[in-house]
Ligand code: PAF
């Protein structure tokens, strides 16, 4: 049966008993407001280790001053029920002061500089330092053998892999493919911000990624032309595009001739929701 703990001491005590018994631990960090995508991460975690831990913590350090930290949906009771139903062993749901006992500006931080400054990092300059700091802290608290992240946040996944490599965390990082609605919209807690009308418009983001992928596969190689055309299509579909960029999948650098393992990244506003998505394209 799932147990919920709120302090680092309780978390460590529980996990210590498993470690002493030689049991591997898989970890799924989340900010709560769970949907099928998150549940799928826990299902994958359960395949990877006999013991599973998830965290729910809306991390203020990864939100900019004008972003949705205060209004981010907090649905702990419902989340807890869903996690219990999927067979999670331990939920860590700390209070703010348990994680940040001092003002955020006075806390040590972990940064992966270059990768954090591109794509989403351009319009969200402090976001990824906030993510890497909380994930590093959670890794030190849970000490998992393996941690699971969704591929919808592909840039986050690449940055966390780099942090783990550069700082020698003994944690295997596993990415899980994006879960989508039947019309292609990637599941996200922020989809809840969409009005009924915007929800009908929202699948155009994924449709534009797919159309661009088809053009790449058909031989079009001028990324700037494809990116500009995609932004125009998104605007026509009612979005305010933040960026639309074709990059190398693993390094996130701009592709040069001969690169075949590509990924298309998009972020766009629809009403008050900032939606992100990405799609892999492997060229012949
Ligand atoms: O992907 C998320 O939900 C968050 O960025 C994470 C990894 C839980 C860190 O707060």
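Positions of Cβ are set from backbone N, Cα and C atoms, glycine also.
Those TrEMBL annotations? Automatic predictions, nothing curated.
Copied over from TrEMBL:
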type     : residues                     : note
BINDING  : 31-38, 150-153, 179, 187-190 : ATP binding site
ACT_SITE : 38                           : active site, proton donor
BINDING  : 62, 156                      : (R)-pantoate binding site
BINDING  : 62                           : beta-alanine binding site
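What TrEMBL annotates, mapped onto the structure for a quick look.
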{"residue": "31", "record": "ATP binding site", "Cβ neighbours (10 Å)": "19"}
{"residue": "34", "record": "ATP binding site", "Cβ neighbours (10 Å)": "24"}
{"residue": "37", "record": "ATP binding site", "Cβ neighbours (10 Å)": "20"}
{"residue": "38", "record": "active site, proton donor", "Cβ neighbours (10 Å)": "26"}
{"residue": "62", "record": "(R)-pantoate binding site", "Cβ neighbours (10 Å)": "21"}
{"residue": "151", "record": "ATP binding site", "Cβ neighbours (10 Å)": "17"}
{"residue": "156", "record": "(R)-pantoate binding site", "Cβ neighbours (10 Å)": "23"}
{"residue": "179", "record": "ATP binding site", "Cβ neighbours (10 Å)": "18"}
{"residue": "189", "record": "ATP binding site", "Cβ neighbours (10 Å)": "20"}
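A Cβ distance below 6 Å to any atom of ligand 1 is met by none of the recorded positions 34, 38, 151, 179, 189.
Taken residue by residue with DSSP, residue 189 (ATP binding site) is part of a helix. Residue 151 (ATP binding site) sits 18 Å from residue 62 ((R)-pantoate binding site), counting Cα to Cα. Per Cα geometry, 31 is the residue among the binding-site residues 31, 62, 156 nearest to residue 38 (active site, proton donor). Residue 62 ((R)-pantoate binding site) sits 15 Å from residue 189 (ATP binding site), taking the C-alpha atoms as the reference points. Looking at residue 31 (ATP binding site) and residue 156 ((R)-pantoate binding site), their Cα atoms lie 14 Å from each other.
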